[in-house]
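Worksheet for the structure shown next.
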Amino acid sequence: MRCNERNKKKAIFSNDDFSGEDTLMEDHLQLREKLSEDIEMIKASLKNNLVCSTLNDNEILTLSNYMQFFVFKGGDLVIKQGEKGSYFFIINSGKFDVYVNDKKVKSMGKGSSFGEAALIHNTQRSATIMAETDGTLWGVQRSTFRATLKQLSNRNFNENRSFIDSVSVFDMLTEAQKNMITNACVIQMFKPGETIVKQGDYGDVLFILKEGKATVFINDKEIRVLNKGSYFGERALLYDEPRSATIIAKEPTACASICRKLLNIVLGNLQVVLFRNIMTEALQQSEIFRQFSAEQLNDLADTAIVRDYPANYHILHKDKVKSVKYLIVLEGKVELFLDDESIGILTRGKSFGDQYVLNQKQKFRHTVKSLDVCKIALITESCLADCLGDNNIDASIDHNNKKSIIKKMYIFRYLSEQQCNLLIEAFRTTRYEEGDYIIQEGEVGSRFYIIKNGEVEVTKNGKRLRTLGKNDYFGERALLYDEPRTASIISKATSVECWFVDKSVFLQIIQGPMLTHLEERIKMQDTKVEMHELETERIIGRGTFGTVKLVHHKPTQIRYALKCVSKRSIISLNQQNNIKLEREITAENDHPFIIRLVRTFKDSNCFYFLTELVTGGELYDAIRKLGLLSKPQAQFYLGSIILAIEYLHERNIVYRDLKPENILLDKQGYVKLIDFGCAKKIQGRAYTLVGTPHYMAPEVILGKGYGCTVDIWALGVCLYEFICGPLPFGNDQEDQLEIFRDILTGQLTFPDYVSDQDSINLMKRLLCRLPQGRIGCSINGFKDIKEHAFFGNFNWDKLAGRLLEPPLVSKGETYAEDIDIKQIEEEDALNEGEPLDGDDSWDVDF
C-alpha cells in the first residue's frame with residue numbers, strides 16, 4: 001500500500017500587484033539615513049533569513065541599503081492574518097505582538113524579524129502583528145527585494161561570463177558550454193596577505209580576479225601584480241602538475257573560481273571536450289561527413305585516434321599509409337604534399353581526406369608532415385566501420401537522407417529507432433519516364449513515395465497545382481487509409497527515380513498501439529471544427545480558471561476535451577500574458593506524450609482550448625491504485641515523462657509545474673503531459689516564483705534565476721513519490737514557508753523498505769540542491785539520466801514505439817471530475833457578468 005496519502009497540490013504564481021498592505025505602509029513610512037549599527041543589525045537579520053542564506057556579504061549589504069524605515073504607535077496594526085503580504089520587517093525598536101486567530105501567541109523586540117514568506121511570494125499572512133508600544137521597523141517590499149536579487153544575479157553572471165570569454169583555454173567552447181562554466185563559478189574571498197595558490201602545490205582550480213589585486217612570486221621573488229580580470233591556474237583544469245608560482249592577495253580580493261571536479265560534472269573532461277568540439281566542427285564542414293547523423297558524428301569523435309607528434313615529423317607518408325582515411329588538426333600546424341609538392345598548410349580545426357573516405361579502396365597518395373609540435377585526430381577504416389556497421393558510405397548517406405525526410409512527417413516522426421530503420425530498409429526504388437502517372441486522382445492508393453531524383457507535377461481535375469522535386473514526398477495517407485487519391489502525380493523530368501513502400505509492408509512493421517495512436521492522431525488533425533459544431537456531454541475537470549468539458553463534434557462524432565477559461569478570472573489575477581503564452585506553447589507542441597491542441601476559440605466570457613480527449617485518468621490516481629511502484633513501473637512512468645520534458649527543453653521551454661496531477665493516462669496507459677499554464681519559453685534565466693511548492697527546485701525559491709534545471713528537480717520529486725510514497729521535502733507541511741525551508745535545508749532520507757541502490761542514487765542525484773551538480777543538468781542533458789544504472793535494463797526504443805506494457809490500463813473511462821450535464825449551465829453562469837475594466841486588445845491572437 002502507498003503510505004502517507006496526500007491531497008492534490010495546487011500551483012502558485014507569484015505576482016507583485018499593489019496590495020492593501022502596500023497602502024497601509026505608505027502611512028507609516030519615514031525617511032531616515034541608516035547608521036552603522038542599523039546596517040549591522042539589518043545584515044545580521046538578513047543572514048538568518050531563509051531566502052538570503054546563500055547570499056555573500058556584498059549582496060547582503062546591497063539588500064540592506066534598500067530597507068525602508070517605518071514608524072508605528074502602540075496599538076497600530078502592522079500586518080493582518082489572511083491578507084496578502086508584501087513586506088518583510090526587522091524590529092528596530094519597541095515591542096510587537098503576534099496574534100493567531102485573534103489569540104496572542106508571543107511578543108517580539110529589537111532584532112526580531114517577521115514576514116519572511118512575503119519575500120518569496122504573495123501568500124496570505126499566517127498571523128496578525130500589532131505594535132504593543134511605540135516602535136519602529138526596517139522593511140523591504142517583495143518586488144524591490146526580488147528585483148534587487150535579479151539585478152545582482154544578472155550582473156554577477158554577466159561579469160563572470162565576460163571573464164570566461166577572456167580565458168584562452170575556453171576559446172573553442174560553445175556558447176552553451178561557456179554558460180555551463182559560468183554557472184559553475186564559485187566566489188572566494190581572500191584577505192590581504194592571504195595565499196591564493198602556492199608554488200609547488202598541485203592544484204585543480206582556475207582563479208579569475210573579480211575585485212582587488214594579487215602579487216605573483218616565483219622562488220620568493222616578486223614578479224608582477226595581477227589586477228581585475230587577470231586569471232591564473234588554467235593549466236590546473238587540464239593537467240596534474242605543480243603550481244609554477246605563488247600568488248598572494250595584496251588587498252581584499254574576490255576571485256571567481258572553477259575547480260576541475262565540478263567542471264568534469266557539468267562539462268566533462270575539459271581537454272576531451274575541447275578536442276571533441278574541434279572534431280565535430282571539422283566533420284560538419286566536410287562534404288561527406290555533414291551528411292552523417294549527429295549520433296554518427298559523435299561515434300566518430302569517440303573512436304578517432306588522437307596522437308601527439310613532434311615538429312618536422314612525417315605523420316602520414318604516401319607509401320606507408322594503410323588504414324588512415326581522414327585527419328583533423330587539433331593543435332599545431334601540418335603541411336600537405338602531393339607527389340612531393342606542397343599543396344597547403346592545415347592549422348587547428350582544419351581537416352583532410354574526403355576523397356579517401358568516399359572511396360576507401362583508393363590508395364593514399366598524399367604525405368602529411370608536422371611543422372611544429374602538434375596533436376592530430378586520425379579516422380581509420382576501423383573507425384568508419386564501427387560508426388557505419390555493415391553499410392558503406394553511400395548506403396549510410398542514403399539511409400540518413402530517407403530518415404531525415406520521414407522524421408519531418410508526423411506519421412513517422414515518433415516511431416522507435418527499430419521501427420524507423422525497418423521502414424527505411426523496406427523502401428524500394430522505381431523509375432518513371434516523362435509523362436508517366438505515378439499516382440492517379442480518384443484511385444485508391446497503397447504506396448508512399450519519396451522523390452530520389454527528378455521532378456513531378458501535382459494536378460487536380462486536370463489543373464496543375466505545383467511541382468515537387470528531390471526529397472519531396474507524397475501519398476503517405478495511403479499507408480493508413482483506404483481512400484481515393486486526392487490528386488494526380490505525373491513525372492515531369494526525362495527520368496524520375498522514387499523510393500516507395502507499400503501499405504502491406506508498413507502494416508507489418510507498425511502494429512498494435514502505435515498504429516492505433518497514429519490513426520487517431522491523424523483523424524483528429526484532419527477534422528475541421530467550429531465552436532457551434534460542438535455539443536457538451538459533461539464536465540470532466542476543473543481548475544483555478546475554469547472547467548474542462550467533454551464535447552463531441554456533431555458532424556463526425558469525434559470526441560474532444562474543451563478547456564474553458566474564464567476571462568474574468570484571468571484579468572482579476574493579472575494572468576493575461578500567461579494565458580497567451582500557454583496558447584502559444586500548446587499550439588506548437590507535437591509529441592505523443594504531450595496533450596495535442598486542436599484549436600482555440602473565444603467569446604465575451606471565456607477562452608476555449610479544444611484538445612484531444614484523454615480517457616485514462618490522472619497519474620496521481622493511478623499511482624494510488626498501484627501502491628508503491630515497482631522498479632519497472634517507475635521506469636515506465638519516469639521514462640515517459642522524461643521524453644516529454646526533453647522535447648520541451650530542446651525547444652527552450654521550461655514546464656515549471658511537473659507533478660502527477662498534471663499527467664493524464666490515455667486509453668492505452670501511456671502518459672500525456674497537460675496544463676501549460678506555468679510553462680515559459682526561456683532565453684537566459686527566469687525569476688518568477690511559479691509552480692507547486694512541494695515540487696519547486698531550490699533555485700526557484702531563492703530568486704537568483706533559474707532555467708530548465710527546475711524540471712529535473714521535479715523529476716526527482718516524482719520518482720521519490722513513485723518509489724517511496726510520501727514527498728521528499730515538506731510532506732507533512734501545508735505552511736509554504738516551512739515547505740520551502742525543508743526544500744532548502746532539510747535532509748533527504750529514504751524509508752527502510754526502499755533498498756534498491758540504483759533508485760536511491762538516481763533520486764539523490766536528481767534532488768541535488770546545486771543545479772550545476774544535478775544529473776541531467778550537465779552539457780550531456782537527459783543522456784546522463786537515460787544511461788543511469790536505474791534505467792540499465794530499460795528499453796527506451798520500445799517505450800517510444802509503444803511496445804511496452806503500461807503498469808495500468810483503465811477499464812472504461814476515468815476523469816478527474818464527472819459532473820452531469822444538468823450542472824453545466826450553473827458552472828457556465830459563474831463565468832458570466834459585466835466585463836472587467838481594462839484594455840481588451842490583449843486577446844486578439846485567440
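Just so you know, glycine gets a Cβ as well, placed from its N, Cα and C.
Since we're looking at a predicted model, the values are computed, not measured.
Residues or ranges marked as region 'Autoinhibitory segment' in Swiss-Prot (evidence: similarity to another entry): 1-22.
Across the range of the region 'cNMP-binding domain 1' (51-166), the DSSP-based residue counts are 38 helix, 41 strand, 37 coil. The region 'cNMP-binding domain 1' annotation in Swiss-Prot covers 51-166 and is backed by sequence analysis.
The Cβ neighbour count for Glu116 (3',5'-cyclic GMP 1 binding site), using a 10 Å radius over every protein chain in view, is 18. Feature annotation from Swiss-Prot assigns 3',5'-cyclic GMP 1 binding site to Lys106, Gly115, Glu116, Ala118, Arg125, Ser126; the stated evidence is similarity to another entry.
According to Swiss-Prot, the feature region 'cNMP-binding domain 2' maps to 169-268, an assignment based on sequence analysis. Each residue in the region 'cNMP-binding domain 2' (169-268) has a pLDDT score, and their mean in this model is 90.
The region 'cNMP-binding domain 3' annotation in Swiss-Prot covers 288-391.
The region 'cNMP-binding domain 4' annotation in Swiss-Prot covers 411-510.
Annotation comment: Swiss-Prot describes 534-791 as domain 'Protein kinase', evidence class sequence analysis.
In the three-state DSSP classification, Arg542 (ATP binding site) falls within a strand. Around the Cβ of Arg542 (ATP binding site), 15 further Cβ atoms fall within 10 Å across all displayed protein chains. The ATP binding site annotation in Swiss-Prot covers Ile540, Gly541, Arg542, Gly543, Thr544, Phe545, Gly546, Thr547, Val548, Lys563.
Taking a C-beta cut-off of under 8 angstroms and a sequence separation of 6 or more, Asp657 (active site, proton acceptor) has the following same-chain neighbours: Ala11, Asp675, Gly677, Cys678, Ala679, Val690, Gly691, Thr692, Tyr695. Asp657 (active site, proton acceptor) falls within neither a helix nor a strand when secondary structure is assigned with DSSP, and so counts as coil. The active site, proton acceptor feature in Swiss-Prot is assigned to Asp657.
Marked as region 'Disordered' by Swiss-Prot: 824-846.
Among the features that Swiss-Prot reports, compositional bias 'Acidic residues' is placed at 825-846.
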Chain-internal residues near Gly115 (3',5'-cyclic GMP 1 binding site), provided their CB is under 8 angstroms and they sit 6+ positions away: Ile79, Gly85, Tyr87, Phe88, Phe89, Arg125, Ile129, Gly139
Residue, out of the binding-site residues Ser126, Thr544, whose Cβ gathers the largest set of other Cβ atoms within 10 Å: Ser126
Tally of residues which DSSP labels helix, strand or coil - the region 'cNMP-binding domain 2' (169-268): 23 helix, 41 strand, 36 coil
Thr544 (ATP binding site) and Lys106 (3',5'-cyclic GMP 1 binding site), Cα-Cα, nearest whole angstrom: 36
Site of maximum Cβ density within 10 Å, from binding-site residues Lys106, Arg125: Arg125
Cα-to-Cα gap, Glu116 (3',5'-cyclic GMP 1 binding site) vs Ile540 (ATP binding site), nearest whole Å: 39
Packing count at Val548 (ATP binding site) (other Cβ atoms within 10 Å of its Cβ): 23
Candidates Ile540, Gly546: member of the binding-site residues with the richest Cβ shell (10 Å): Gly546
